[in-house]
Each structure stands twice: as C-alpha cells, then as structure tokens.
Amino acid sequence: YTLLCHTTSTSPISTVTCPSGENLCYTKMWCDAFCSSRGKVIELGCVATCPQPKPYEEVTCCSTDKCNPHPKQRPG
C-alpha cells in the first residue's frame, strides 16, 4: 500500500503516490517577505518521518490518503 498526498512540488497542486517508506503526508507553513500581502508560504508533500519545525514554522503530519489539503482549498 502506498499513501496519496497533496504536493506543492507541482503547479498547480496535485496528488502524488508517495514512494515506498514515506507513509506520512505533511503540511508546512511559514512567513516570508510577502506574508503580509500573500499570507503564509505553504509546502505539502510526503515524508518518512514528520519534520521537526523550525521556530518560525508550523508543521502538521497525517497518515491517511489526501489528508493534507491546501488550507485555502476545500478537500476534494
């Protein structure tokens, strides 16, 4: 079984089948220079272990198919 996660490595955002061994989807958010006008930068993808957030990052991980939708998009 391989997990399906949303990913921001493609444009527009798409769903990818995670490689073997990467059994978590993650969402990582942080502010860059354009945060006040564009909002937080959002990165989505697959990981083997949930990354440790840096002090300025928010990281969430989950383990079900497509469980990491873009926060501004409705799951679909």
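Cβ coordinates come from backbone N, Cα and C, glycine included.
Per Swiss-Prot, disulfide bond is recorded for CYS5-CYS25 (among others), and the stated evidence type is similarity to another entry. Classification of CYS5 (disulfide bond) by DSSP places it within a strand.
For CYS18-CYS46 (among others), the entry in Swiss-Prot reads disulfide bond, with the evidence type similarity to another entry. In the three-state DSSP scheme, CYS18 (disulfide bond) is classed as coil. Less than 8 angstroms from the CB of CYS18 (disulfide bond) sit THR2, LEU3, LEU4, CYS5, CYS25, CYS46, each of them six or more residues away in the same chain.
Taken from Swiss-Prot, the feature disulfide bond covers CYS31-CYS35 (among others), and the record attributes it to similarity to another entry. Sequence-distant neighbours of CYS31 (disulfide bond) (same chain, 6+ apart, CB under 8 A from its CB) are LYS40, VAL41, TYR56.
Sequence annotations record features per position, and here Swiss-Prot assigns disulfide bond to CYS50-CYS61 (among others). Of all Cβ atoms in the shown protein chains, 16 besides its own fall within 10 Å of the Cβ of CYS61 (disulfide bond). DSSP assigns CYS61 (disulfide bond) to a strand.
Per Swiss-Prot, disulfide bond is recorded for CYS62-CYS67 (among others). The DSSP secondary structure for CYS67 (disulfide bond) is coil.
Here the candidates are the disulfide-bonded residues CYS35, CYS62, CYS67, and by Cα distance the one nearest CYS50 (disulfide bond) turns out to be CYS62.
Neighbour counts of Cβ atoms within 10 Å were compared for the disulfide-bonded residues CYS35, CYS50, and the top value is held by CYS50. CYS5 (disulfide bond): 28 other CB atoms within 10 A of its CB, across all protein chains.
In this structure, the disulfide-bonded residues under consideration are CYS25, CYS46, CYS62, CYS67, and the one with the smallest number of other Cβ atoms within 10 Å of its Cβ is CYS62.
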